[in-house]
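According to Swiss-Prot, the protein has these features:
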type	residues	note
BINDING	Thr10, Phe11, His18, Gly89, Leu90, Arg91, Glu99, Asn124, Ser125, Phe126, Ile127, Ser128, Ser129, Thr130	ATP binding site
BINDING	Thr10, Lys42, Leu74, Arg88	substrate binding site
SITE	His18	site 'Transition state stabilizer'
Amino acid sequence: MHTRAIYPGTFDPITNGHADLIERAAKLFKHVIIGIAANPSKQPRFTLEERVELVNRVTAHLDNVEVVGFSGLLVDFAKEQRASVLVRGLRAVSDFEYEFQLANMNRRLSPDLESVFLTPAEENSFISSTLVKEVALHGGDVSQFVHPEVASALAAKLNLAKA
């Protein structure tokens with residue numbers, strides 16, 4: 001098991017679904033890099049630095065996981081990190097078509113980069129960062145969907161936005 005894998009995403013914020021996939025990827029690969037995309041087109045609620053910090057806190061117990069922010073093409077980031085595998089999550093069949101297109105594009109751009117798809121545990125299959133933010137924005141309790149530190153950070157971020 002000498003493979004370096006990248007699990008890329010925006011992680012705005014990291015959810016229990018993300019954490020579940022990270023834990024399982026950490027068992028499959030020698031080294032897992034969580035690549036947090038700057039992705040300004042998504043207009044994230046948390047800054048890149050805040051997202052890196054939150055993911056670091058959630059994954060602190062995993063010795064073979066490293067969290068790195070990046071911008072630009074994912075395949076270029078993978079080359080910089082000497083990773084040969086991309087880990088992607090599939091929550092539902094609806095995710096498959098988009099992920100299939102991404103995998104094929106990434107293969108064209110970097111033929112040696114292999115995409116591996118993991119499905120979340122059933123209890124996490126419906127969770128998305130967008131839904132978590134929506135629930136939190138309307139005053140709902142998100143504690144069952146995110147790590148306690150993420151719930152606190154989200155509450156603080158939303159309270160600042162309201163002020």
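Positions of Cβ are set from backbone N, Cα and C atoms, glycine also.
Overlay of Swiss-Prot annotations on the structure.
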residue	record	CB count, 10 Å
Thr10	ATP binding site	18
His18	ATP binding site	26
Lys42	substrate binding site	12
Leu74	substrate binding site	20
Arg88	substrate binding site	19
Leu90	ATP binding site	17
Glu99	ATP binding site	14
Ser125	ATP binding site	14
Ile127	ATP binding site	20
Ser129	ATP binding site	25
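Cα separation, Ser129 (ATP binding site) to Leu74 (substrate binding site), rounded: 20 Å. Taking every pair among Thr10, Lys42, Leu74, Arg88, the residues recorded as binding substrate, the greatest CA to CA distance is 18 Å. Annotation note: Arg88 (substrate binding site) sits in a strand segment as assigned by DSSP. Secondary structure from DSSP puts Thr10 (ATP binding site) in coil. Note on proximity: of the binding-site residues Lys42, Leu74, Arg88, the one nearest His18 (ATP binding site) is Arg88, by Cα distance. Looking at Leu90 (ATP binding site) and Leu74 (substrate binding site), their Cα atoms lie 18 Å from each other.
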